[in-house]
Amino acid sequence: MGYPSRLGNLNISLPSPRRQFFVLLGVIFFIDLALMLILGVLFHDLTRLHVYLFDSLALVILCAPFLWGRIVRPMRETAATATNRIESLLEYLADGIISFDEEGAVRLVNPAIERMFGFSAEEVIGRSVDELLVGNENGGSYFPFALAARDEWSSGRVTYSITGLRCDGSRFPAELSVSKVRIGNHWTFLGLVRDVTARKRDEQDLLLLKRAIESSVNGISITDVTHPDNPIIYVNPAFERMTGYAAHEVLGKNPRFLRGDSRDQEETRKMSAAFRERRDGYFVLRNYRKDGTLFWNELYIAPVRDRAGVVTNYIGVMNDITEHRHYEEQLIYHATHDPLTGLPNRNLLQDRLAQALALDAFAHKNPLCVMFLDLDNFKKVNDTLGHTVGDMLLKAVADRLTGCVRGGDTVARLGGDEYIIVLPNVREMQDVITVAKKIIAVFAAPFPLLGDEIYVTSSIGIALSPTDGETVDALLKNADAAMYHAKEQGKNNYQFYSAEMNIRVFERLALETSLHRAIRQREFLLHYQPRVDLRTGRISGVEALVRWNHPEIGLVSPAKFIPLAEETGLIVPLGEWVLRTACAQNRIWQERGLPPLRIAVNLSSRQFRQENLIQMVAGVLTETHLAAQWLELELTESLVMQEGERSVAILTELKEMGIDIAIDDFGTGYSSLSYLKRFPVRNLKIDQSFIRDMTRDPDDATLVRTIITMAHGLGMKVIAEGVELEEQLDFLRRHQCEEIQGYYFSQPLDAEKFEQLLRSGKSLVDTGFASPEVGYGDGPGVAGRGAIQG
Ligand SMILES: Nc1nc2c(ncn2[C@@H]2O[C@@H]3COP(=O)(O)O[C@H]4[C@@H](O)[C@H](n5cnc6c(=O)[nH]c(N)nc65)O[C@@H]4COP(=O)(O)O[C@H]3[C@H]2O)c(=O)[nH]1
């Protein structure tokens with residue numbers, strides 16, 4: 001009798017403990033009885049057979065409790081536990097277990113089989129396994145004979161892909177692992193059935209996805225972020241087509257190799273940020289194919305996370321938008337350019353103007369110039385020679401205009417024969433005039449078109465921001481109005497919008513023309529203003545100041561023409577003339593036996609920036625036979641500070657030649673003490689504006705005192721300019737200023753009068769100035785009234 005199991009269909013024959021208990025008792029009984037009988041035979045005493053029987057029975061009775069408690073019950077419990085375990089295992093196993101005999105009759109199934117097939121165990125036990133499982137290979141039944149015939153049985157277990165048949169007639173893919181085991185005289189098949197519907201579906205899905213990725217027109221790459229440098233682990237055929245690289249050439253590399261040298265793109269930075277933050281992102285990158293050609297890659301990247309949420313891969317989907325871009329650029333170009341001339345059209349012009357105005361408002365405060373140009377006789381050309389020639393002319397005009405301007409300027413065509421020229425950030429008015437003149441000049445040459453020589457001229461109207469308008473529209477409108485004015489003025493000329501501007505330009509032009517003439521006709525002369533030593537009261541030096549003796553106007557102040565000479569470059573020959581004349585004059589005075597004086601000559605910024613300045617100065621000294629120690633060059637504070645390092649170098653070179661340096665207009669610029677220390681400067685000239693007010697304005701007084709103290713600290717001497725009053729002189733003397741220059745002692749004089757002044761031996765005492773009782777220490781001719789009187 002088998003041990004009872006809850007698994008009704010489980011025909012497991014476990015040995016019955018009770019039967020074994022009785023078998024054991026029987027064995028004990030018979031062994032004991034046999035021993036007794038053997039002894040009886042040996043001792044010829046078989047008469048007490050009933051005693052032997054009774055004795056064996058007694059032994060059995062005595063052994064029974066022991067056997068039951070120590071052997072049978074534990075066996076029974078062990079069997080129960082084992083059965084329970086098997087029951088639970090079979091009950092909860094997700095895979096189905098099925099057993100069938102050689103005839104294919106099902107012998108055993110577990111609950112998983114019931115769930116899988118929809119049959120109860122009772123319904124299925126005894127039925128043919130063919131009703132549940134169908135082989136895939138030949139589409140029909142091959143159980144159990146096919147199984148029995150298979151060679152694989154030698155390896156113990158065979159696995160098949162099969163189809164399961166549910167009770168409702170539906171089918172599902174399954175995997176069957178069968179073992180053939182011998183139980184008693186029979187072979188039994190023990191099968192493990194697994195429903196692989198989900199796995200098959202996943203496999204199918206994967207296959208589909210792979211197909212989709214492979215047939216995608218977008219390039220797709222997958223990288224592995226768990227490896228250093230995020231290498232590519234997959235690319236699809238579209239990626240290969242797009243980049244020209246075969247998969248094996250890119251696997252293992254970081255995708256950045258596609259970017260070539262252009263690694264500084266803004267988009268690349270954004271992409272790095274997306275990688276760092278482990279998020280997706282959309283970028284447009286400039287990439288290069290294997291053959292080096294550029295393509296625009298519209299790239300979408302997305303992270304792939306594992307179950308724990310950790311990013312393991314990145315998927316990149318790329319789209320070659322090169323053509324799209326090209327098309328877009330063409331569209332933009334057509335929308336912003338004039339198709340005939342290729343120049344910016346009104347749209348782009350307005351954009352650029354607006355941008356330039358906005359920039360001006362923030363950055364440079366220099367004006368912006370808009371020139372409105374109209375061809376003077378275009379209509380006639382069009383009417384007489386036809387539109388083809390008219391178009392050719394418009395194109396040729398565009399080319400000539402473009403040749404008149406610089407890189408940052410704009411030449412645009414508004415339509416018809418109207419052009420606009422924009423000059424942003426105008427530093428000097430001269431630049432505007434130069435461009436306008438250049439434009440008028442390029443129209444002087446005829447346009448050779450289709451064998452004809454065509455002459456056209458242009459009228460230009462000029463408006464400047466912010467005076468003539470602060471908006472695009474206002475500037476265009478006013479430049480247009482100025483252009484009409486130019487037409488009224490007889491065409492082939494330029495006119496400014498503001499009347500004042502026109503007058504200024506006219507004056508400047510007149511001045512410029514006469515400056516050129518003045519240089520040719522030697523209309524310049526020098527005046528000399530003495531410097532006086534406050535310790536001796538005597539003339540200690542002289543400054544040469546240029547004058548223009550205009551034939552009609554008379555003497556013109558350098559304040560008027562020096563800036564123009566600077567702008568036009570005329571200062572270079574003029575400055576050289578001044579230097580030569582001053583040195584020559586100084587030499588003449590020396591030769592006439594007058595006490596030698598140092599002569600100061602002003603150097604303008606343009607002169608200072610001249611490459612051959614040193615050679616020029618050296619040449620003049622040699623030519624005029626003046627020893628370098630009698631020359632001093634004056635440079636403005638702002639100029640030497642602007643030039644910084646270059647100033648240090650040039651001033652040092654001049655100093656080494658023996659020439660003294662003075663810094664002019666000191667106090668009006670921003671000095672860097674560190675530079676000031678490094679400049680080999682002998683004199684600081686305090687600007688006359690401070691001297692003028694120092695006796696009234698305590699701030700100016702403080703400033704003058706501070707400059708004197710600082711100059712002395714740096715080992716420099718101080719010269720006060722523009723001294724007109726005794727109280728100024730008194731203040732300066734009290735604060736130990738070394739020299740003064742100004743109307744108080746003398747105005748600038750011509751050479752002859754200056755010579756007379758020198759010969760007269762005039763000193764400060766003659767001007768009524770009382771010298772201090774005590775001088776400044778141990779300089780020559782230091783102390784006392786007598787010294788001042790000389
Ligand atoms: N109110 C008043 N003014 C006084 C007094 N004493 C002298 N001045 C004037 O102050 C100016 C001093 O010259 P600056 O500061 O070098 O200023 C000079 C200098 O920067 C420039 N300049 C003159 N000649 C030359 C030259 O040959 N080359 C260069 N590059 N610039 C020159 O023109 C500026 C003006 O020269 P000037 O008209 O000759 O004016 C001179 C002089 O006449 C005074 O007591 N009161």
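Any Cβ shown, glycine's included, is placed from N, Cα and C.
For the domain 'PAS' (82-133), the number of residues in each DSSP class (helix H, G, I; strand E, B; coil) is 25 helix, 13 strand, 14 coil. Taken from TrEMBL, the feature domain 'PAS' applies to 82-133 (among others).
Positions annotated as domain 'PAS' by TrEMBL: 205-254 (among others).
Marked as domain 'PAC' by TrEMBL: 279-333. Counting residues per DSSP class in helix, strand and coil order gives 12 helix, 30 strand, 13 coil for the domain 'PAC' (279-333).
Positions annotated as domain 'GGDEF' by TrEMBL: 366-499.
For 508-762, the entry in TrEMBL reads domain 'EAL'.
Counting only same-chain residues 6+ beyond the ends of the transmembrane segment (21-43), those with a CB under 8 A from a CB of the stretch are 49, 52-53, 55-57, 59-60, 63-64, 67-68, 71-72. The annotation transmembrane segment is assigned in TrEMBL to 21-43 (among others).
Residues 21, 24-25, 28-30, 32-33, 36-37, 40 of the same chain, all 6+ positions outside the transmembrane segment (49-68), place their C-beta atoms under 8 angstroms from a C-beta of that stretch. The transmembrane segment annotation in TrEMBL covers 49-68 (among others).
In the domain 'PAS' (205-254), helix, strand and coil residues by DSSP number 22 helix, 10 strand, 18 coil. Each residue of the domain 'GGDEF' (366-499) gets a DSSP state, and the totals for helix, strand and coil are 58 helix, 37 strand, 39 coil.
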